[in-house]
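This report concerns only the one structure given below.
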Amino acid sequence: MKVAVIKYNAGNIRSVDYALKRLGVEAVITSDKEVLKAADKVIFPGVGEAETTMLHLKESGMDRFIKELRQPVLGICLGMQLMCRFSEEGNVDCLGIFDTDVKRFAPRKHEEKVPHMGWNTISCLKSDLFKGFTRDEFVYFVHSYYVPVSEFTAAETDYIRPFSAALHKDNFYATQFHPEKSGEAGERIIKNFLEL
């Protein structure tokens, strides 16, 4: 199986690569469209800022290319947010794969800190990504923006408000949390993605 990780100006690519290596998978980290198109699975990771990253994706033509991929694609954190229609982070149009917007957390109480950083459980598991997953397992989040619960929600969690922890539409899967940093539970999610 050929697994490709999209290389662009965003962080956490190395941690995704390490997580795949722990599962015995040698991924190709590339921005080469032909290599990405030929891969069996594509991972779209990201830690960064939406406006700058979308500008980079548009300049390289990756914005149109990612939407045309037909194999299973997994967006992680910023990767998930960029798959949405619009982000309040920089008020930027995104890829529009998921017809929903990305909003900024608005804390209502002093003890509600932004960014949402740390471990949280997820529920309403409506995707094969979560095969063998139980409600009491924790995954790791680091983000200041969220995607509201919608028809594309494959899992949800609650921090300040309920929001989408994962999305799914056709061949596109996405997690707001970092499976590559979520221990055994995250490893299982990556393994499930690779088995789709």
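Using the three backbone atoms N, Cα and C, a Cβ is placed for every residue, glycine included.
Noted in Swiss-Prot for the protein shown:
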- 2-196: domain 'Glutamine amidotransferase type-1' (DOMAIN)
- CYS77: active site, nucleophile (ACT_SITE)
- HIS178: active site (ACT_SITE)
- GLU180: active site (ACT_SITE)
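Annotated pair HIS178 (active site) and the residue listed as 'active site, nucleophile', C-alpha to C-alpha distance, rounded: 6 Å.
Rounded to a whole value, the Cα-Cα separation of the residue listed as 'active site, nucleophile' and GLU180 (active site) is 11 Å. According to DSSP, CYS77 (active site, nucleophile) sits in a coil region rather than a helix or strand.
Reduced to three states, the DSSP call for HIS178 (active site) is coil. Per-residue confidence over the domain 'Glutamine amidotransferase type-1' (2-196) averages 95 (mean pLDDT, predicted model).
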